[in-house]
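Notes follow the structure.
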Amino acid sequence: MKAFILAAGSGERLEPITHTRPKAFVPILSKPLIEYQIEYLRKCGIRDITVIVSSKNKEYFEKKLKEISIVTQKDDIKGTGAAILSAKFNDEALIIYGDLFFSNEKEICNIITLKENAIIGVKVSNPKDYGVLVLDNQNNLSKIIEKPEIPPSNLINAGIYKLNSDIFTYLDKISISERGELELTDAINLMAKDHRVKVIEYEGYWMDIGKPWNIIDVNKWALDNLVFSQNLGNVEDNVKIKGKVIIEEDAEIKSGTYIEGPVYIGKGSEIGPNSYLRPYTILVEKNKIGASVEVKESVIMEGSKIPHLSYVGDSVIAEDVNFGAGTLIANLRFDEKEVKVNVKGKRISSGRRKLGAFIGGHVRTGINVTILPGVKIGAYARIYPGAVVNRDVGYGEFFKV
């Protein structure tokens with residue numbers, strides 16, 4: 001069977017992290033999201049895997065996924081339905097959205113054995129944010145209702161389908177949606193009127209990485225469930241390690257450092273002297289956390305450096321960021337209300353009382369910079385010394401206030 005991973009989306013909701021990488025390459029501990037998907041497909045015996053990408057990101061995917069077929073979605077039409085039109089299969093195929101993390105392959109291995117079309121559903125606590133599955137009295141799909149104000153159930157579309165080539169007939173029958181996209185779910189709703197579409201409920205951990213703080217959520221789950229304590233690096237005397245801590249190859253932990261797990265320290269990272277890593281610190285690879293730096297519940301990506309006298313809490317920092325001395329990220333409002341973040345032009349609540357900042361790749365801050373809760377700083381931005389960053393900063397912007 002063929003499998004198609006739909007990864008042509010712009011990743012706008014995950015900005016500024018996606019200013020410099022497709023969302024399929026958001027890291028989960030040491031591996032990008034898409035590598036977990038490919039691994040699970042191969043465990044189910046699927047070898048013919050194609051990733052549907054945008055023309056903008058094709059070169060990035062080809063460089064990173066050398067053994068996987070890469071196909072470009074046409075630029076004139078957006079949406080998951082348009083991505084399927086770029087896929088070519090004559091019999092049947094497995095379709096997976098490229099921004100999903102799921103904890104095991106069991107239901108995928110199950111769904112590909114079915115004779116009929118099928119969709120995987122998953123139960124969530126916030127169904128009105130997703131497409132909700134409506135079932136008939138035989139537990140087959142009746143229809144998918146997108147983001148209903150009053151959801152009929154908490155079983156939602158998990159973004160994993162097994163479809164035969166009839167789907168192309170139904171894609172030809174639908175129109176562009178109100179948001180300007182050709183929607184795969186519209187075609188599936190038509191298909192469900194004519195053919196049985198079986199619903200399989202997913203029972204493991206599932207996460208749609210659709211908002212910047214979901215990067216923290218999924219990494220926390222992975223740290224709790226996918227790895228075990230190990231030390232493959234070099235730890236100097238007078239280092240205190242407490243709880244579950246993973247130290248990868250060529251990492252160096254210098255004297256006076258206190259590490260309170262669970263913590264993940266990626267390959268080639270340098271910690272200390274006298275650093276404090278608190279629970280759910282994830283350092284992806286070749287990071288530097290220097291003297292008198294405290295990090296808590298944050299994902300810090302490849303090559304980023306926080307050399308001295310800084311605090312980072314509940315934040316996501318993309319690759320090759322460098323903080324000047326005394327850079328502080330605040331993660332709690334004075335009124336202790338939930339932190340709001342601008343996502344795709346709308347200011348929404350994160351549902352978190354503690355949330356720091358989201359820093360794009362290659363950002364530089366001067367000394368004594370303060371960044372307020374929920375702020376996003378675009379890739380390649382420069383923050384001048386002494387600035388208090390109280391609003392979002394754009395891609396490449398120089399912020400002086």
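Note: Cβ is positioned from N, Cα and C throughout, glycine not excepted.
According to Swiss-Prot, the protein carries these features:
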REGION    1-220  region 'Nucleotidylyltransferase'
BINDING   A8, G9, S10, G11, E12, R13, Q73, G79  ribonucleoside 5'-triphosphate binding site
BINDING   T80, Y97, G131, E146, N157  N-acetyl-alpha-D-glucosamine 1-phosphate binding site
REGION    236-401  region 'Acetyltransferase'
Per DSSP (helix/strand/coil reduction), R13 (ribonucleoside 5'-triphosphate binding site) sits in helix
Among the binding-site residues listed here (S10, Q73, T80, N157), identify the one with the smallest other-Cβ count within 10 Å. S10
N157 (N-acetyl-alpha-D-glucosamine 1-phosphate binding site) in three-state DSSP notation: strand
G79 (ribonucleoside 5'-triphosphate binding site), DSSP three-state class -> coil
Tell me the Cα distance separating G9 (ribonucleoside 5'-triphosphate binding site) from E146 (N-acetyl-alpha-D-glucosamine 1-phosphate binding site), rounded to the nearest angstrom. 18
Once the chains shown are all counted, how many other Cβ atoms turn up within 10 Å of the Cβ of G79 (ribonucleoside 5'-triphosphate binding site)? 22
Determine, to the nearest whole angstrom, how far the Cα atom of G11 (ribonucleoside 5'-triphosphate binding site) is from the Cα atom of Y97 (N-acetyl-alpha-D-glucosamine 1-phosphate binding site). 12
Under 8 Å by Cβ from G131 (N-acetyl-alpha-D-glucosamine 1-phosphate binding site), same chain, sequence gap 6 or more: I144, I145, E146, K147, I156, N157, T185
Among all the protein chains here, how many other CB atoms are within 10 A of the CB of A8 (ribonucleoside 5'-triphosphate binding site)? 28
Sequence-distant neighbours of E12 (ribonucleoside 5'-triphosphate binding site) in its chain (C-beta under 8 A, six or more apart): T18, K344
CA pair G9 (ribonucleoside 5'-triphosphate binding site) / Y97 (N-acetyl-alpha-D-glucosamine 1-phosphate binding site), Å rounded to integer, equals 10
For the C-alpha pair, I'd like the distance in angstrom between R13 (ribonucleoside 5'-triphosphate binding site) and Y97 (N-acetyl-alpha-D-glucosamine 1-phosphate binding site), rounded off. 15
Identify all same-chain residues not among T80, Y97, G131, E146, N157 whose C-beta atom falls within 8 angstroms of the centroid of the N-acetyl-alpha-D-glucosamine 1-phosphate site's C-beta atoms; report them in sequence order. Y130, I144, G159, E183, L184, T185
